[in-house]
There are 2 protein chains.
Amino acid sequence: MKDLNLLFKEKNLKLTPQRYAIYKYLKSTKNHPSAESIYEELKEDYPTMSLATVYKTLKTLIELNLVQELNVGEDNFRFDANVDSHPHIFCLSCGRVDDVEGVNFTFLNKEIENYTDYSVDTHQLYFYGLCPKCKERGRK
Amino acid sequence: MKDLNLLFKEKNLKLTPQRYAIYKYLKSTKNHPSAESIYEELKEDYPTMSLATVYKTLKTLIELNLVQELNVGEDNFRFDANVDSHPHIFCLSCGRVDDVEGVNFTFLNKEIENYTDYSVDTHQLYFYGLCPKCKERGRK
DNA sequence: ATGAGTGCAAAGGATTTGCATCGAC
DNA sequence: GTCGATGCAAATCCTTTGCACTCAT
């Protein structure tokens, strides 16, 4: 994460402790947390940080293409510091969100241009089902 | 739409003029409107209808599996009376949402089970790009 | 007639904004 | 020291809820 500093400098942005902490946390987790969750998580180490700062920072990180925004159909957004194109899967029972690893559907962007008059840049692919724990629980 | 009546009757629900109008409008449009848009559209013919009724009706229609909810990454939801699984495409410039017709990715639900420990029921696939009009405008 | 549905207004939750203060450069 | 960033509170937007009244059955 040495180059973070450079990237921020280039854009005349300041790499504040808050911004660094939020990015570092997002890089470290696979939970796809909401803004609120990030706030709760960092509250302990950064007790003065406000929720507004979390939102503002996330907006900044998205503009820098360091973070992507997800919307699985909940009433809020979730955030992912893995900006490579990859599908997500949502547990209809417990609300957990995971990455689907080992697949790449980037080719779909070109493919789909045969079926529409749009030009296509990106896509989001969300699967819905039951996570291992909830499958198990349902089987009882 | 004769069977609507039956379907509602089975569930002990009333097919009120408001509910009928909202469903009929959704069936008739390809615009994937938001609740607000539906409300605005029907205001002329149903001047006493409230936005709360639109929301409540949409919830009911979703439970009946007559309508599906979309979230393209905007701050609100959109609604589609085509409940067959099909991708949507969002214009990054004007915000228009269209169906992608002629493709079916239902097979992905099974496929993806090889890459995750979840069981998979459904998916949503959203493409992002430029609609024909916005492509044209950008070319000037 | 009766219980579900409507419409209104108020509440709720997520996110944004304005502004005085703070702190990274 | 400067200007962008923070933190707080208020504001905004979307959606839901409570409740008295209405109306489809």
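The backbone N, Cα and C atoms fix where each Cβ goes, glycine too.
Per TrEMBL, the feature Zn(2+) binding site maps to A:Cys91, A:Cys94, A:Cys131, A:Cys134. Its Cβ taken as reference, A:Cys134 (Zn(2+) binding site) is surrounded by 18 other Cβ atoms within 10 Å in the chains shown. In the three-state DSSP scheme, A:Cys134 (Zn(2+) binding site) falls into the helix class.
According to TrEMBL, the feature Fe cation binding site maps to A:His123. Around A:His123 (Fe cation binding site), the same-chain residues at least 6 positions away in sequence with a Cβ under 8 Å from its Cβ are A:Ser85, A:Phe105, A:Leu108, A:Asn109, A:Ile112.
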Can you count the other CB atoms that lie within 10 A of the CB of A:Cys94 (Zn(2+) binding site)? 11
Other C-beta atoms that fall within 10 angstroms of the C-beta of A:Cys91 (Zn(2+) binding site): 20
Within the same chain, the residues at least 6 apart in sequence whose Cβ is under 8 angstroms from that of A:Cys131 (Zn(2+) binding site) are A:Ile89, A:Cys91, A:Ser93, A:Cys94, A:Arg96, A:Asp98
Hits for chain B proximity (Cβ under 8 Å) within binding-site residues A:Cys94, A:His123, A:Cys131, A:Cys134 read A:His123, A:Cys131
